[in-house]
Amino acid sequence: MLLNQTDERNIIMNEGSWGISHTRVPTESRPGHVALIAGFYEDVSAVAKGWKENPVEFDSLINETKYTWSWGSADILAMFAKGASGNHVYTYSYDAESEDFGAQDVAKLDTWVFDNMKKKRFSCNFIKYARDMYINQVITKIRSHQQWEYMDNIKIVDEGVKEITSMLKDFYGNDGKTAFIFTSDHGMTDWGFHGAGHPSETCTPFVTWGAGIKYPQKVSAQKFDDTYLEEWKLENWKRQDVNQADIAPLMACLIGVPFPLNSVGILPVDILNSTDLFKAESMFTNAVQILEQFKVKMTQKKEATLPFLFTPFKLLSDSKQMNILRKARSYIKQKKYDEAVSLCKELINLSLKGLSYYHTYDRFFLAFNVVLGFVGWISYASLLIIKSHCNLTRSVGKEVKKPSHLLPCCFVAIGILVALFLLVQACPWTYYVYCLLPLPIWCAFLREFPVLQGFVTLLLTFPPSRFVGYLLLFILGVEVLVLSFFYRYMLTAGLIVFAGWPFITPLWTRAKSTSLSWIFFCLLLAVFPLMPVVGRKPDIFLVMGAGLLVLLLSLFVVTSVIKRKDSFVNEELVLHLLQMVSMVLSMCVVYGTHKSLLKKQGLPLLNQIASWMILASSFVMPLLSPLILFDRLFSILLSSMSTYLLLSTGYEALFPLVLSCLMFVWIHMEQETLQQSGISCKQKVSSIQFAYNTDITQLRDLYLDDLRRAFFLVFFLVTAFFGTGNIASVNSFDLASVYCFLTVFSPYMMGALMMWKILIPFVLVMCAFEAVQLTTQLSSKSLFLMVVITSDIMALVRYYWIFNINKIEKLSTELTK
């Protein structure tokens, strides 16, 4: 959008080059700045190590500059000033309290940066002829404001860039020796979030002009996969895209300093306005710099690997390296500069492939051990269920003799050999965990081999067609769950299938009203995965509607409580009324906060206090409710909904209510199923209490229905994952959700509130599952093991999908769609 503004368009059409800078996941501030200034990409897992500190030491462009000035957020600037050598980095930052998303002036942070740059103009005369680099960090966070405000802010940024560039040109006497680069560490979604792989997060503007930069080039046609050219009406102005890491070598080349040591960026020579000799020499230097990283990585891996096990990268042998370098140098001497540049690019691409090869050298070895551990655990957990909770092998189990010590000794010997093997190769401690963990699991499994034999013998008597049918049904169910991580509409398909469950059982004839309720809420819940995860607009009326529905449901429950006559009525009635008052207060806070932010009056203090009080009370009130199953569950629902409303901005406010209604029906359905299977129910659902200790393994044996119950639990948990957002990518949740609690930027507090919003549906599902376990009189241990087995099988399938970094990036992109 910024490229549509007057000054940026003028630069593109008259002064410099432009394109799109493509970032990588995670699109966070620190990884983005590392890529821009150091020229390399952090590992995806590095973001989990913290975002204010660099997890590894690295060289950056800042180390090579004589002076560096930077303006912006303190938490970003400090990390690079700390890592720089010497005292030549000057940082100027605003207070953390200034990042208030409910503030009246949405452009306050941007104007602060521009104003402070202008103030420093008169204190910089001593560096007029020094080698220097300016970093202007403009923070544009339009997270709670309207589109017209966003456009106004873009105009302010455009005007600020124009003033600063004019100021710097005047400062150096318009000598034409200053180069400018305008770009961003990452993009941002329409609702003010970043971190994943949506195009609005990975595509950032790249405009460069000034000394050493080519002037605009007109072209007749350009081919790109996106529609930016048409949207910005720049079809005839040559667009030159770069990877974000390519900007670091470009800046190094422009100011005449060495490339950052760890940079993997490729110098975009087509942007440079210099002699062909300079371009060829620069590309040659770039190739040698990246090749050295390849050599170091190869040497490290070779020294840490036993000689007979080491497999070098065959595409770039020592002889081929020397041949390419010799040939490139020969081309430069012969003034065949285009051939030299092309050959250097080939060497860079081979070096980068080699770096990736050695970075992932142990991938298959580690993957084999991970899969071995998973399969071992799945097998052992299955054996525990067979042995302890089924009557199939109980007779076999009694005949098992005292186990021999030979098997444990063999596994101990194997463990010692594996540890020595890892020690010789100087492997990190995590390798020991991956390689040694499967050993005790498989040892425990093999000690129960007689039980397995008995189970296999009995399985052979089972009708093959029936066995294969159940197996295929289970595999299909697991595949649907795995696919739902990529395609949310698979959850809708699954819920529609669930809705048909009563028709294939006697439930439809024996419990028609319960079955109809099940069908209705399954189909209603199936609508949510079809709703958009990202890009949705806030709708305060849906939030209010959800609150009103909860209040109506509460009135119905209160009426039923009044009709009951027992010792808990008075206490229960008071508690329900208090929770209803809390619900009304939540609705008032949400509405009042929404209106206040629209009027640019910020978050009212009373609303903020009330929000935190409601959140705190939601953890206490359910503990005061009676232990009767439905009373306790309903109290949990009311408390959860009071908090969830405060964290909602639209249709997602209805999701926990519909999910809870389905959970209540599920409990009834399971008891009906239990009665039809011939197992007597000691109590009605309405009289069961959570206080009863029913976790006794001797209650009854397992049946196929119990496997279905475990699958239902996993499916409902996944639905809670992706029902309204994406647990794997928190940026699919609107940050405006926390504005009832705080508007000043606080990543940890905001993150904690967002995570609690995500966890609330999980809590509701798990409480319902505990109720199912009580009503079906089944050991929670056996159900838990079946859930773990199903989840581990899903994990194995998904592990195949994210086996390499390319799939991880693709997964992150798919998850945000």
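Positions of Cβ are set from backbone N, Cα and C atoms, glycine also.
Across all of the domain 'GPI ethanolamine phosphate transferase 1 C-terminal' (353-802), the predicted model scores a mean pLDDT of 84. What TrEMBL records for 353-802 is domain 'GPI ethanolamine phosphate transferase 1 C-terminal'.
Panel annotation: around the transmembrane segment (364-386), residues 392-393, 431, 434-435, 437-438, 441-442, 444-445, 448, 451-452, 455, 702, 782, 785-786, 788-789, 792-793, 795-796, 799, 803 of the same chain, lying at least six beyond its termini, place a Cβ under 8 Å from a Cβ of the stretch. Annotation source TrEMBL lists transmembrane segment at 364-386 (among others).
Residues annotated as transmembrane segment in TrEMBL: 406-423 (among others).
Residues or ranges marked as transmembrane segment in TrEMBL: 467-487 (among others).
Per TrEMBL, the feature transmembrane segment maps to 493-509 (among others). Here the transmembrane segment (493-509) has Cβ contacts under 8 Å with residues 477, 480-481, 484, 515, 518-519, 522-523, 525-526, 529, 669, 672-673, 676, 712, 715, 719 of the same chain, all six or more residues outside its ends.
Same-chain residues lying 6 or more positions outside the transmembrane segment (516-534) and placing a CB less than 8 Å from one of its CB atoms are 189, 191, 198, 484, 488-492, 495-496, 498-502, 651, 655, 658-659, 661-662, 665-666, 668-669, 719, 722-726, 732, 816-817. What TrEMBL lists as transmembrane segment is 516-534 (among others).
Among the features that TrEMBL reports, transmembrane segment is placed at 540-561 (among others).
Summarising the annotation, TrEMBL assigns transmembrane segment to 573-593 (among others). Within its own chain, the transmembrane segment (573-593) is flanked in space by residues 540, 543-544, 547-548, 550-551, 554-555, 557-558, 561-562, 603-604, 607, 610-611, 614, 617-618, 621, 624-625, 635, 638-639, 641-643, 645-646, 648, 739-740, which lie at least six positions past its ends and keep a Cβ under 8 Å from the stretch.
Marked as transmembrane segment by TrEMBL: 605-624 (among others).
According to TrEMBL, the transmembrane segment annotation covers 653-669 (among others). Residues of the same chain lying 6 or more positions beyond the ends of the transmembrane segment (653-669) and with a Cβ under 8 Å from any Cβ of it are 502, 507, 511, 514-515, 517-518, 521-522, 524-525, 528, 542-543, 545-547, 549-550, 553, 629-630, 633, 637, 640-641, 644-645, 685, 712, 716, 719-720, 723-724, 760-761, 764-765, 767-768, 771-772, 775.
Here TrEMBL flags 710-728 (among others) as transmembrane segment.
TrEMBL lists 748-771 (among others) with the feature transmembrane segment.
Long-range neighbours of the transmembrane segment (783-802) within the same chain, counting only residues 6 or more positions beyond its ends whose Cβ lies under 8 Å from a Cβ of the stretch, are 367, 370-371, 374-375, 377-378, 381-382, 384-385, 478-479, 481-482, 485-486, 706-707, 709-711, 713-714, 769, 773, 808, 811. Taken from TrEMBL, the feature transmembrane segment covers 783-802 (among others).
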